[in-house]
Every structure is written in structure tokens, then in C-alpha cells.
């Protein structure tokens, strides 16, 4: 088996006020995986992300990035390779023009100026925001700000990209745009972790789901496995994705044959229906 | 805030920032140093040309922006021109009940020259602020070796003014919708509440901000990508010519 890109062992983190936020988190993340991190508010998702990025220092436990243990000396290497797109864009955007903002990460990597400019141009073109490169962030809309924060991370060429509740402040159109970007990033073999409350999105998009509950990972598996476990869902205060619930209801009522197809989106559901009709027509 | 918007919309925003800043400062020094009303008038006209014709700002808006400094200048110079006395003295005087205000041609002239001089200096600076976004002015200051700490503070303050204003208006609206400003006493109370809440939010935001910066490899020094816009030869020559014309005017009217 391939070596995991990121491997975390027994991570403990305690907040300044003595409140434990992570209580022994262990996980291996493989290259190119699409992982959804779900769990109720305060379950430790954001704390986990900040620990993984090295912004918060864990009380105990170890983080290995491509086999090397991360310590104070090579922390920068970790931050370079793991980028976080924060939930609130206003907490992330620092510079007063979009260009300078996207260049902030590469500048901190101490790259030569030409390289920084090249990367900024690339990232802006990637996110399709070249037309407002000179605008200050306070005259951007929410969706535009989100694009800028994603461009921030793309310019750093991180191998792992973490999105902290990216869809929280987006309208449906921008959420759709985000999913397009995610699939584009996946095609480039980027490893993506997304924390979300949107179980339908997690079910549709992810290859693997991690469920956080009170500072621990209580479940780790494919979306189908996770969302079929009643106990896990109850413990983490989660709902079943609508597509799954509808499918199971149809099977239960014998309106559908139990072929274990499990469509994940409306499109897949329609495809399944038309395929079934065709097969009944053929047999009938 | 208005000025910030105007500077982004200006058509001469693409000019090299260092060029605009040094041109403005040089003109300001000339206005004060040469102390010549004709030079001042020339600067006022020249700057108005740059802002309105080259920069594409409407005359009305330009006058609105100038209204604030003009009122200050007028208030300040009135005290130079006019004096008080108990008896009717001076070249011109006006009886106002039990005292007189008086002035003389010489003093009026002095005041008008003063207005012209200050106004010219102000309009040179306006040319700079109305066409150069703050971030660019800050980057020019960085090149002028202003201490790093001040530059970083300026950058963050500029960015944060807008965020804090935004947060403030949200809190205020929500307080308003719950009758937080129904009478004077309640308003005071609400304002106090908002102020203390703003402090807490600022501290929280500062933490979030710091995390986000660290996540992008921030290690104690804020460095931003700055790209210099080119100075064209025409701009440089025009600026040099304008300054020589000012010297000529000064030479002839000395």
C-alpha cells in the first residue's frame, strides 16, 4: 500500500482554559483523497484543522507529513504543503488589494519576485478573478471574497487543501461554482478535506467521511457506510442525506428492486430510473 | 471612505505611485517655499486639471471633496484678516453693537494670499489622495524607509477600518431593530454596550486573523507583493515642465 501523505497519531489538544478540544485523534490520509469532515458545532473540526496545519500546537501526539515527523524546525514545510481556506473570508484576507492578498503566501515562502508574480497570475486565472485583481477586498461580494481566499491557497501550491465550512456563506450559484472548483482540484490529484454541515454535499462529493464528536473521530469510512450507521448519526447529531433516505424508502416499499445502486445526486437517480424502465421494457 | 472609492476609480490610478507622491510633495513644498500667489494659483489650476480632466472625477464631486478643507481654510484665515477693537480704527471698520471689527487692504491681501497658498498645497495633496489608493501610498512610504512597524500598522489599520465599520453597522442595526435607540438614555446605554462588544469582537478577530496569517507561513514580517507601475517619459517631462513653469512665474512676479 502507498504511504499516506499525512499521518496523525494520538493527537491531544487542550485550550488555554483547560477545556479539551481533541482527545486522541489518529488518522491516515492518502494522497488525492476527497474527505468530508462532519460533526456538530464544537466537535473539534476547526481545532483539528489548525493542529494539522501547525498553527495550534498539540499537547501530545505526532504528525507525519510524507513520513517525516513534524517538529518546530520543519513546521514551515507543513504549513507550505497544507493550506486552509478559512470559513470567514474577512478573517483571512489581509492585504488591501486582491493581487497583494494572493501574493501574501508566496511572499512568505520567500520566493523570488518573478515566481511570486507568476504564481499569483496563475492562481487568479485559475479562479477566474483576473478582472478584479486590483480591487480592494472591502469592495468585493461574499462569493468573490471566497474565490480570493481559495486563490490564496492555490498560489501556495499546497498539496493538501482544507476548506473550513466553505459553503456556509455562499448562495446556491456560488456553491455550485465551488463544487466545480473542487472537482477541478481533485483532477489535479490534490488531497482535499472539507468540513461541512451539509450531509447531502458530503454524501455526493466525498470518497471518505470522518465524523467528529466531542474531540474524537467516532467514525471513518465511505459516505454510504457512515450514513447507514444509525448510531453514529445519532451520536453526532447528523441527518441522513435526502438521496439516501429517499432511496431506502423506495426500496423498503418495494417500489425499487434492491440493487444497491445508491444514487448520490438527482442526475444519478434519474439515470437509475431510466435504466430500470428500459430493463423492465425489455423483459416485459 | 468616499475618498477611498474615488481613488480606486481614478483614471490616473495607473500612474506610478512614487511619482505621484513625490510630485505632490514637491509641489506642496514649492507652494510654501516660493510663497507666491501666482505660483499658488498655477498649482491650483494644474491640480484641478489633473484630477478632473485626467483623473475623470466630476467637478461637482471634486468641489464636494474640497468643501471640507476650504471651510477650514476660510475659518482660519478670517482671524488673520479681521481684528477687534473698541474704537473705530483701521482702513475699513464695521460697528457691531459695542465693538468694532476692522481690517485693511494690506491685511485682506495677506489673507487672500494665505488662502491661495494653503489651498494650493491642499489641492496638491488631494491630487495624490484622489488618485492613489492607500495601499500604494503605504508602499511608497515603505520605500522611503519609514519604520517597518508603522508601515505594518498602517496596512492592518487600513484593512481593518472597513471590517470594523461593517461589524459596527451590523451590531447597530440589530440594536436599532430592538428599539435600542428609542430615547436618549437608552441610546447612551446601547452605545456603551456596542462599544464594549466591539472590543471583544476585535480581540477575537485579531486571534482569527493571526491564525490565518500563520497558516500561510507568516513568520513575523508582513511582506506584500508590490509591483511598480512604469513612469512614462511624457509624465516625467510634463511634471518637470510644470515645475519649471512655476519657477518662471515666480521669477517674473518676484
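Heads up, the Cβ atoms here are built off N, Cα and C, so glycines get one too.
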Given ranges B:209-230, B:231-252, the stretch to which TrEMBL attaches the annotation transmembrane segment: B:231-252
Stretch carrying transmembrane segment according to TrEMBL (options B:21-51, B:114-144): B:21-51
Outside the transmembrane segment (B:21-51), six or more residues from its ends: residues with CB under 8 Å to it: 12, 57, 62, 112-113, 116-117, 119-121, 123-128, 130-132, 137, 140, 239, 242-243, 245-247, 249-250, 253-254
